[in-house]
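Asks: The structure under discussion is supplied below as structure tokens; questions concerning it will follow.
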């Protein structure tokens, strides 16, 4: 506190004016960053369809969308956390854990297994949030630690083995999730339904508004009487729930669970959020941006397959894209000291 | 004042007390714990994590974090093995690949620090991205297959024993001393603490913060490479998953040892204690008969406890 | 040796230094006094290189210089002892003393600790501080740290050719009397090695220590007096000295408050290290101004009333109800509204629109089951925009893009629309232009007419006198004196200042 004071120096009026002036100048840049995700998506699509026009075939597009649905759902939850300027590194562990849980519970609870999995995911998210806010531990460490616990839970519950869903039970309780209607895979419907719910939360609810306030001006939110701690915990819980939904869908698609099933998900999910235009500094962007971001990730993946880049080597690319996306979107005026 | 002292005292000695209590508990449950054989096993398995933890200690002292170690370790390990094969084909001195791997580690760390500082991106994300990229690079380099590292001189690290402990334990200890030397005796080491204690104040006093940060990441990279070397020596071969799990273990060790994530406090000796705590826990779990795979969960709880104890919550306004 | 000639410093919209003439001779101790915002700290910053002047000349021994940064100034023999200390607490004393200048003790990149410790002892001797240079700084007392800071600045002696100028920024503000005397003795002794600029709001101390005193007001040096035989009163009059324009503060709209309707009451409220024994009452329609120097505890008082800070002693009653749980949430629910000093940080959310900011404190009023009712909040926002004539393109414009005055109006309407009856204003006109200030004064009067009570920490004494019904003068965290405005004894700025310092 005292340290901050010297560093910020007096003359608040001066710096305020300067900042206001700076703000006005960057409007044009703001607009560029706003449309950058769309431009990126369309140029990528254009490029790849030049390379292979077959990409634009409806069934191919649907396939691409279907493949990205699971990741997209996880990224939706992640969006809320990044929107309040936090991060959730536990998502993939939570998702992996829920694949195991849902596969194990399916025989006894049917569709209830999915519900239970989502609740457990939310509980883990809530734990992250509580650790983060109560102990004042940076969110990436809190979620890393809780992620470790989730990972171990998955290992213990599964006994380190893959678990399988009995085919008939899977069909009966979860079949609706992976079917086809009029040639459109149901995963897309599920993902879109969740997107609508997330969009509703973001745009129309008091909670969504609170997220925006916390993300773009946490201290002002506190000083307006918002219960910021509670909001943060709920956000992490929401992220956990979405990660769990991703896990349920993954388990259903692959007819079983394994404690490492979602291991490759974390990075692309973060990339999807950031590339979509929700910067790490929070307050800007949203779930619709994440849709664009996820589509960009999908197109990149598909094009890599076209270019015959092996799956694991794609990681190189995602690492680079991650850094580039942060570099382009981060609001540097918000971070004084970068650690 | 006395209250402050007692808290500081506790924070300073708690890790050591925990380590000894753990040792006592485990040895009561299973007396085999107290054998030279077991200690050698413990020390050998700690060599690689110790190097990684030392590397990231430098970064954490600055108040930053580095999550790239798994990737860097895999990449350095793989290049070690691949280069060793190349060398072995015309000279017998495969171990000459070691400096090559260290140079790679330094280079990656340098890039890491450069991006972090110049593009002003939080270190945890830069390093996360770099780490993933490195795993990808490793896959490409190894073609997804396991590469064996069977140079004779290199294998001496594990096979040659003095007083029951393999050579690598001594090498690791030497590296620890080197790290301590850097921390204590060089301007670089002291500047790390200055940055962790008050970056803007340090900057105002003329510390070249950006340069120090970049060098610190490069230094960390060198230690990751050493860690890779020990891990490869232990296993005898490399695959792209060489580093898997090490990120968590190393960060946990640093934090549990008493180096504060906020920066400015702690050091490599604390990290040694932290590494030993983690090693005793996992060693103990085996001796006690618990499955090792719950280790990650135990470590997760440990991190939360350690950080929660070490954080001065009143001093922090905003955490993100 | 150090001389300022017609030095100017302009920030966007503010001329902070207006043709300053300033001179320090060798071995001299120069005092610098002025009200908050008179330009003292800007002048200091120009001297030690944190700001660069944009007009006039800065001369050292007759040669014009420009310091690009503090390090530049240091190399010219100018050092600063900060009020809020600038030592890095996890480093040892000697490391702090030589931070950034370790090279002299290094060989091949290795630090010779023994050599550094010896050198540090030399420096510590200069300030007569007997501590082990290997001590970690956090273990020292506040006074000891201040001396270490001074020792750090004194290393310039060995490093720089020529004379030293050392700036002391409020070095005594937290020291007990005995230690102040030690510090003063030390400074007097050190004048054989350096000149000093001494900034303080304690007039008696400035007179005691300095040879000459510069009095600043509104970015100008209004007088230079010799401390021998000078008069505290005369200086204080020069620091303020201005007539209050009654129309400017809407005196005509000032109405008596409702004696028996108490909105806020504190009984012996205290918070460790900030304020103590504060008992006050705020009644409906009243403007209560809390005045005092920077850091005298007034900010802590209103933050406690709002619930952002938790007092450690005494009781607080809002609308007659005792407050047990201190949180901003509870404050808002009890009808308290807080307009913070740091408008851009705690006042508005820059990335949110006007309408979103306005409803932030009472979103539940515009929603059912947590879902916003469409239109209701927009309607309200439109109303307030026209009522307060807020200049904004649309109600969906980001608040960050509004001017300071309009942002302040948005914050005010946030609390008014939330139904707040207790309004806490912390420097509400800071950084606003005159027109916007007048708008804020208008709003204060209107709120009083609506039965609100206002607690004001004013930007200037003038403002406090112009607006308030009642004034409480704070010093060192305690209320020194109460004044009633509008009675037989209309207080003036000098009366207030007298009890402040």
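Cβ coordinates come from backbone N, Cα and C, glycine included.
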Asks: Please find, within the list A:177-201, A:202-226, the residue stretch that TrEMBL describes as transmembrane segment.
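Replies: So the range that TrEMBL calls transmembrane segment is A:177-201.
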Asks: Which one of these stretches, A:13-32, A:233-252, shows up in TrEMBL as transmembrane segment?
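Replies: Comparing A:13-32, A:233-252 with TrEMBL, transmembrane segment matches A:233-252.
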Asks: Give the nonlocal contacts of the transmembrane segment (A:99-125) in its own chain as ranges (CB under 8 Å, at least six residues past its ends).
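Replies: Distal contacts: 77, 88, 90, 146, 149-150, 154, 157-158, 163-166, 169-170, 172-174, 236-245, 247-248, 250-252, 254, 256-259, 261-262.
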Asks: Where else in the chain does the transmembrane segment (A:137-157) make close Cβ contacts, counting only residues six or more beyond its ends and a cut-off under 8 Å?
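Replies: Long-range Cβ neighbours of the transmembrane segment (A:137-157): 81, 86-94, 96-97, 99-101, 104, 124, 127-128, 131, 236, 259-260.
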Asks: When each of A:68-87, A:177-201, A:264-280 is checked against the transmembrane segment (A:233-252) for Cβ pairs under 8 Å, which one has the most?
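Replies: That would be A:68-87.
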Asks: Most CB pairs under 8 Å with the transmembrane segment (A:177-201): which of A:35-56, A:68-87, A:264-280?
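Replies: That would be A:68-87.
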Asks: With Cβ-Cβ distances below 8 Å as the criterion, list the same-chain residues six or more beyond the ends of the transmembrane segment (A:35-56) that contact it, or say none.
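Replies: Sequence-distant neighbours of the transmembrane segment (A:35-56): 275-277, 289, 292-293, 295-296, 299-300, 302-303, 306, 328.
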